[in-house]
């Protein structure tokens, strides 16, 4: 037999042996994940922004499973808090970040100051910044979560957080500001005072 055929057979045999060892090890040493952590992680928005105080959504999901508050995720908003409360069987909590009264902010890059270093692109957890090396970068406003992680790495301080302009889509009615009077409760009192 030729040396090439012997080498191919030897490599194939080694690959089969090591593949079998890896297959056995993956079954034997498999670590079961907590299913509740997986369910919580599926509800979280996966922005990995760190606004909750944890380095990403998975560590925050593990903390929630261990009893931490469910109201620390600004990108998820009130809808995420309600889903987490339903899953965990706890009361719906108000947001820890006062999301209803907080103005949504997005990153804005002053393009005349941008040097194209890509540090902001690397820091953005949701890929809301586009641009290339040594080229001007810009922010996709609809994708930006306002996490503020892109501001610190910028060497020229050309990124600032600006409030999102109010549009018909982002308008929030303050329905609790309108007082509601129950007419049926006030009618007997008015009749008693007339008598």
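Using the three backbone atoms N, Cα and C, a Cβ is placed for every residue, glycine included.
Listed in Swiss-Prot for this protein:
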type	residues	note
TRANSMEM	4-24	transmembrane segment
TOPO_DOM	25-195	topological domain 'Cytoplasmic'
DOMAIN	32-90	domain '4Fe-4S'
BINDING	49, 52, 57, 73	[4Fe-4S] cluster 1 binding site
DOMAIN	105-134	domain '4Fe-4S ferredoxin-type 1'
BINDING	114, 117, 120, 154	[4Fe-4S] cluster 2 binding site
BINDING	124, 144, 147, 150	[4Fe-4S] cluster 3 binding site
DOMAIN	135-164	domain '4Fe-4S ferredoxin-type 2'
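Shown on the structure are the features that Swiss-Prot records.
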residue	record	DSSP (3 states)
49	[4Fe-4S] cluster 1 binding site	coil
57	[4Fe-4S] cluster 1 binding site	helix
73	[4Fe-4S] cluster 1 binding site	coil
114	[4Fe-4S] cluster 2 binding site	coil
120	[4Fe-4S] cluster 2 binding site	helix
147	[4Fe-4S] cluster 3 binding site	coil
154	[4Fe-4S] cluster 2 binding site	coil
Shell list ([4Fe-4S] cluster 2; ref centroid = CB of 114, 117, 120, 154; cutoff 8 A):
109, 115, 116, 118, 119, 121, 137, 150, 153, 155, 156, 158, 159
Return only the integer: C-alpha distance in Å from residue 120 ([4Fe-4S] cluster 2 binding site) to residue 144 ([4Fe-4S] cluster 3 binding site).
12
Given residue 73 ([4Fe-4S] cluster 1 binding site) and residue 150 ([4Fe-4S] cluster 3 binding site), what distance in Å do their CA atoms have, once rounded to a whole number?
18
For residue 150 ([4Fe-4S] cluster 3 binding site), write down the residues of its own chain that are at least 6 apart in sequence and whose Cβ falls under 8 Å from its Cβ; none is a fine answer.
107, 120, 123, 124, 129, 159
Residue 49 ([4Fe-4S] cluster 1 binding site) and residue 144 ([4Fe-4S] cluster 3 binding site), distance between Cα atoms, whole Å:
11
Using only C-alpha positions, which one of 114, 117, 147, 154 is spatially nearest residue 57 ([4Fe-4S] cluster 1 binding site)? These are the binding-site residues in the record.
147
C-alpha of residue 147 ([4Fe-4S] cluster 3 binding site) to C-alpha of residue 154 ([4Fe-4S] cluster 2 binding site): distance in Å?
15
Fewest other C-beta atoms within 10 angstroms of its own C-beta: which of the binding-site residues 49, 117, 154 fits that?
117
Quick one: pull the CA-CA distance for residue 117 ([4Fe-4S] cluster 2 binding site) versus residue 49 ([4Fe-4S] cluster 1 binding site), whole Å only.
21
Taking the Cβ of residue 147 ([4Fe-4S] cluster 3 binding site) as the centre, how many other Cβ atoms fall within a 10 Å radius?
22
If you average pLDDT over the domain '4Fe-4S ferredoxin-type 1' (105-134), what do you get?
91
